[in-house]
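**Student:** I have a structure I would like to understand better, so I am pasting it below and will then ask my questions one at a time.
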Amino acid sequence: MAEAVFHAPKRKRRVYETYESPLPIPFGQDHGPLKEFKIFRAEMINNNVIVRNAEDIEQLYGKGYFGKGILSRSRPSFTISDPKLVAKWKDMKTNMPIITSKRYQHSVEWAAELMRRQGQDESTVRRILKDYTKPLEHPPVKRNEEAQVHDKLNSGMVSNMEGTAGGERPSVVNGDSGKSGGVGDPREPLGCLQEGSGCHPTTESFEKSVREDASPLPHVCCCKQDALILQRGLHHEDGSQHIGLLHPGDRGPDHEYVLVEEAECAMSEREAAPNEELVQRNRLICRRNPYRIFEYLQLSLEEAFFLVYALGCLSIYYEKEPLTIVKLWKAFTVVQPTFRTTYMAYHYFRSKGWVPKVGLKYGTDLLLYRKGPPFYHASYSVIIELVDDHFEGSLRRPLSWKSLAALSRVSVNVSKELMLCYLIKPSTMTDKEMESPECMKRIKVQEVILSRWVSSRERSDQDDL
């Protein structure tokens, strides 16, 4: 067995992001002289770890590329805006989504169907939707300072880091963060914004005309027990939920209000030429979105446990109760029987500066990125095995020569190297010791790079010598 040759990671041609300081220690330019350590909050729902708070999502993905958006390929960037309309109305300089009238009608129909399933009669459904979707008069401008301060105080538990001589292990209880959601602030309506007009949603004149919506709608409870739905999935003490139509969320005005492009006929031209074809002009009308869709950050079990155990910057809740590190270790093992093995390898590579991601796409356990997926292509495809001192034991995935050659060929075709990561467990380690993450202190790691031997290349190399 020869010593493996290191190949430098291949950088992507086009990079659209800037590299941010990784968790948990911020750089001085990010937070100034006062460095704060924040505890993020996640929830365990249907055997998945979900982060709801928008600020937590941005921090976790931007500083370490943890998790992925449930509606996106990687970075949570889902929006209901129509790209063509956004390009058409680019001079508007607004943060609100711009959608077509047809798309908005679909949202109204979905909201109506949801309320019918909850037992609401047809007249109530029509009355609520008619009041909720009526055009608004003034634009929702930037949030007031009081709401911003309140959001900051409730975004999570922030505590100052105190330097110690040695890195202490996080507390057995995996932290406690504050309320993950922001406060629902009143929004202001927006008048009709005609195409080509000089009306601007963020002008100073509009900022002075901000007023509250004085007609809040009654709450409608959902009898279903779905823990994660497209709307705001907030639980009440009686186990019911409020649908997104009636419960203002914490994701800002872009999820509460939308600009709908609608066509209107020019009255002056109709009066002047009644027999001619009516001239239509498009305009943007601000309406409340009756069926809001939120994107959350989904963490893999390995990523979630690393944030809790290794970095101590995440608190995971199950039914409003924080889970301890030992409980998480046992719960994740029940959910995913191979969790202990995969996490040990994840912890090892993360500690060395790699960004591991799921390697299911290429038939392996992990993919290793330098810095993160936006900057470099994955360098290694990793297969993980837990063995004893003699490299024996029940393998997770017994490989034949045929399957091994297939994996090697797939990895080579996508410019990656196939790595076999052996986690060597002492023969004296008992199953009881494996029930705690402290067992990793006795685990050794052996990395093996698998490369295909090509006879013709070998002969040409010998001829050169």
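Backbone N, Cα and C atoms are what each Cβ position is placed from, and that goes for glycine too.
What Swiss-Prot shows for this protein is this:
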REGION    157-204  region 'Disordered'
ACT_SITE  Tyr369  active site
ACT_SITE  His377  active site
MOD_RES   Ser408  phosphoserine
MOD_RES   Ser411  phosphoserine
MOD_RES   Ser415  phosphoserine
ACT_SITE  Lys416  active site
**Student:** Which three-state DSSP class does Ser415 (phosphoserine) fall into?
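**Tutor:** In the DSSP reduction, Ser415 (phosphoserine) maps to coil.
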**Student:** Could you say whether, by DSSP, His377 (active site) belongs to a helix, a strand or a coil region?
**Tutor:** coil
**Student:** About how far apart, in whole Å, are the alpha carbons (Cα) of Ser415 (phosphoserine) and His377 (active site)?
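**Tutor:** Taking the Cα atoms only, Ser415 (phosphoserine) lies 9 Å from His377 (active site).
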**Student:** Cα distance, Lys416 (active site) to Ser408 (phosphoserine), nearest Å?
**Tutor:** 9
**Student:** What is the separation, in Å, between the Cα atoms of His377 (active site) and Tyr369 (active site)?
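**Tutor:** Just about 6 Å between their Cα atoms.
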**Student:** Fill in the CA-CA distance, Lys416 (active site) to Tyr369 (active site), as an integer in Å.
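**Tutor:** So the Cα of Tyr369 (active site) lies 11 Å away from that of Lys416 (active site).
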**Student:** Looking only at Ser408, Ser411, Ser415, the modified residues on record, which one has the least crowded Cβ, with the fewest other Cβ atoms within 10 Å?
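**Tutor:** Checked Ser408, Ser411, Ser415; of these modified residues, fewest Cβ neighbours within 10 Å: Ser415.
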**Student:** Measuring CB to CB from Tyr369 (active site), give everything in the same chain under 8 Å that is also at least six residues away in sequence.
**Tutor:** Pro9, Tyr65, Trp354, Val355, Pro356, Lys357, Phe375, Tyr376, His377, Ala378, Ser379
**Student:** Out of His377, Lys416, which has the highest number of nearby Cβ atoms, where nearby means within 10 Å of its Cβ, if these are the active-site residues?
**Tutor:** Lys416
